[in-house]
Amino acid sequence: MEFWRHPGDLRVACDRARAGGSRVGLVPTMGALHAGHLALIAEARRRTDFVAVTIFVNPTQFGAGEDLARYPRTLERDLAACAEAGADGVFAPDVAAMYPPGEETRVRVGATAGPLCGVHRPAHFEGVATVVTKLLSLAGPCVAVFGRKDYQQLQVIRRLVADLFLPVEIVGATTVREPDGLAMSSRNAYLSPEQRRAARAIPLALAGACRAFARGERRAAALLEPARARLAAAATSIDYVDLADPESLAIWSDSAAIGERALLAVAVRVGTTRLIDNVVLGEDAPPVAEPSEEAS
């Protein structure tokens, strides 16, 4: 497996792979890799011949008071995991390489970035869009793979690629979950054992809405209120529990009657840790069984 620190080295390696007839796949990450990330690498491996993983804790997507300094950095362990997963190379630049002195360009995002996390992290998606554009420019992949846990990020990137006519297929990979249903996240490491137990309310809330939707419930309030109540009882605070159009991310009001597909997205804080998750009602299976079902 190759290891690149400089942007030009990533470009040269991907150019060389293409010249040899390989399809290039890109898996952008911020490191602290877990089984969810390894599933992204496997998906890229399945679709392409040369898989480049990027590990970069991108400062422009963190706001004031967020966890940039605290975010886990485990490069040596991550490199070993990438090699075992079959990556052909890892790009792990420092901040100065990606944002050299004098650089000032940012990618402006639109309406897709406005609701949900955009309300609470107003500069986040501009930072995401900027770094992803840089990485796509450097690697020139046929395919780039992102996790559906970060559903809004996935939609912002799809919009970016369409609007800028970038010749890359954006693949959204299924969320990988812990045995109790909690979505895998590098930030789960922040949770104490008690907080980790409380966080299980997230997949349970989503699962309850999935089952109600499957029974024919289409009133937004009837889907949202039980989820909000369950999360309010377990979380320190709630940023949002919303239903949205799965494509545009336009928010449906609590009084709406929704259609045959709907994104249910949540962001909560357990202690000081912000956790996000989602399901597409009408498409995704419940992320976890109800406790009574597990006991039967």
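Just so it is clear, glycine is given a Cβ too, placed from its N, Cα and C backbone atoms.
Look at Swiss-Prot and you will find His37 tagged as active site, proton donor, backed by sequence analysis. If you look up Swiss-Prot, you'll see 30-37, 147-150, Val176, 184-187 marked as ATP binding site, on the strength of sequence analysis. If you look up Swiss-Prot, you'll see Gln61, Gln153 marked as (R)-pantoate binding site. Feature annotation from Swiss-Prot assigns beta-alanine binding site to Gln61; the stated evidence is sequence analysis.
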Around the Cβ of Ser186 (ATP binding site), the count of other Cβ atoms that are within 10 Å: 19
Spatial neighbour of Gln61 ((R)-pantoate binding site) that is closest, considering only the recorded positions Met30, Gly36, His37, Val176, Ser186 and their CA atoms: Met30
Separation of alpha carbons, Gln153 ((R)-pantoate binding site) and Ser186 (ATP binding site) (Å): 16
Pairwise CA distance, Met30 (ATP binding site) versus Gln153 ((R)-pantoate binding site), rounded so that it is a whole Å: 14
Per DSSP, three-state class assigned to Met30 (ATP binding site): coil
Between Gly36 (ATP binding site) and Gln153 ((R)-pantoate binding site), the C-alpha gap once rounded to whole angstrom: 16
CB contacts for Gln153 ((R)-pantoate binding site) [other CB atoms within 10 A, all chains]: 23
Least surrounded among the recorded positions, given as His37, Arg148, when other CB atoms within 10 Å are counted: Arg148
Rounded Cα separation (Å) that holds between Gln153 ((R)-pantoate binding site) and the residue listed as 'active site, proton donor': 15
Site with most surrounding Cβ atoms, counting all protein chains shown within 10 Å, from the binding-site residues Leu33, Val176: Leu33
